[in-house]
């Protein structure tokens, strides 16, 4: 096998090599059954055991309380923007949303189709380079829930604190930072996360929802989008994305082998400090985000002269450092350093950036 590149893609993102090798070994013959997971009935004892183990491993990793349901659904996080409102926002109801970037805005725009949305705070006041402190928020007394995105993959903003919302359920889009460090699940009413960043391949979205929030769907909510229907049917009201579910389970096993979320969080801290410290000390590269609000998972940076962008990316590709181009809406560069991107990848990136600066700085 040729040497694997270092993949800094924002999503679908790098997967642990050990997971890929195990999936490869099991591809044609899962545990001596003579068939692939892709060929199994989702109702079979074999796949049900895969699904149950994946859920239990995720519960163990995040210490999910027993009064929360864990769902493995379809449609990605973007479908959740509507699904949340259809399940949790009553007719003529109101919800509070926090705007910290493009993904927050997409959630706001979609939810606005179903009810009144109060944008309780916006990072626009800081040009999306900082997160407004909660003392700046204007929360509604009668909100059905408060929604926010703890990490914005495009702008590179991340909360290092959990908002206080009292008795109002807190809903979080953790697509890009779930499992990256410990988090108190009991502080949330609901968490959702598209898999293709820190969980597994694209095709499945994980929903962690407190049981008292089930059974609130609107009358016209499609059956397939009703969280209670999904929970009552073990996420198998219809045929689920079995391969993505299985691969996500392998990632959970791998995370446990690394020492769990606490251990991976310490490694992620080292990774992000290594990269940000170099950028801050550099004369060629810069990151505009307020230091306490910098993302651990997605590190955007710019070169002092954007005419150097193309040669920088070409050289990176030649050195096996892939997918560093920033999102089209903001430009520049972006290194996504999720759990599966280890310190060797970050060190290789920093070494290349140093060499490029010596040549072009």
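In case you wondered, yes, glycine gets a Cβ from its N, Cα and C as well.
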In Swiss-Prot, the residues 77, 78, 103, 153, 173, 238, 239 are said to bind pyridoxal 5'-phosphate. Which of 24, 196, 272 is said to bind at that same site?
-> 196
Under a three-state DSSP reduction, the secondary structure at residue 239 (pyridoxal 5'-phosphate binding site) is coil
Fewest other Cβ within 10 angstroms of its own Cβ, chosen from the binding-site residues 78, 196, 238 | 238
If one measures from the C-alpha of residue 153 (pyridoxal 5'-phosphate binding site) to the C-alpha of residue 43 (L-glutamate binding site), what distance in angstrom results, rounded to a whole number?
-> 36
Top of the binding-site residues 153, 239 by count of other CB atoms within 10 A is 153
Report the same-chain neighbours of residue 103 (pyridoxal 5'-phosphate binding site): residues 6+ apart in sequence with Cβ closer than 8 Å to its Cβ, ordered by sequence.
-> 77, 149, 152, 153, 154, 173, 175
Rounded to the nearest Å, what's the C-alpha distance separating residue 238 (pyridoxal 5'-phosphate binding site) and residue 43 (L-glutamate binding site)? Just drop the number here, would you?
-> 10
